[in-house]
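J.: In case it helps, Swiss-Prot gives these features for our protein:
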- GLU133: active site (ACT_SITE)
- CYS90, HIS132, HIS136: Fe cation binding site (BINDING)
Amino acid sequence: MAVFQIVQYPDPILREKAREVRKITPQIERLAVNLVDTMRRSGGVGLAAPQIGVSKRVIVVEDPEKNPIVLINPEIVRLEGDKETAEEGCLSVPGVWGQVERRMCLTVRGYNLEGKQVAYLVEGFTARAFQHEIDHLDGIVFLDRATTIYKRKE
């Protein structure tokens, strides 16, 4: 559909709590497609609506097979397993990286584009990506959670 410019930190929308989606409309469906297109074109593995300037609780995360998972009003319902510290970056904070501690297993729940409630048990890097994108919906960027922040050449 369309590729949007990624909102750059410290834009205020990245610090706002995104609004809940009350109804899945054609506008929300277009938003989901645009998130997927923008994520792929930008070389990301996840993207949240506030990152393209839209204050809605919608995210997309690629699964391990590179298929996009779109979730509306996502929430983490269970964190499990060990915590692991690993490098994270963000399309909204280009050229900056940090070491962030996250749980390596979680259950996330939300709604798909058909309006059905769905849940996913995810592990490893995918679990990290879901936590990162859901943080965006709550006005949190990875810099807030990083124990070390650094720049590196792309």
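Here the Cβ of each residue, glycine as well, is placed from N, Cα and C on the backbone.
Since the structure is predicted, the reported quantities are computational estimates derived from the model, not experimental observations.
Neighbours and distances for these, please.
T.: Sequence-distant neighbours of GLU133 (active site): residues of the same chain at least 6 apart with a C-beta under 8 Å from its C-beta are GLY46, LEU47, ALA48, ILE59, VAL60, VAL61, PRO74. GLU133 (active site) falls within a helical segment according to DSSP.
In sequence order, LEU14, ALA18, ALA48, PRO50, GLN51, ILE59, SER92 are the residues near HIS136 (Fe cation binding site), counting only same-chain partners six or more apart with C-beta under 8 A.
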J.: Cβ within 8 angstroms of the Cβ centroid of CYS90, HIS132, HIS136: which residues besides those meet this for the Fe cation site?
T.: GLY46, ALA48, GLN51, GLU88, LEU91, SER92, GLU133, ASP135, VAL141, PHE142
J.: Measure from the Cβ of CYS90 (Fe cation binding site) and count the other Cβ atoms within 10 Å, all protein chains considered.
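T.: A 10 Å sphere around the Cβ of CYS90 (Fe cation binding site) contains 25 other Cβ atoms.
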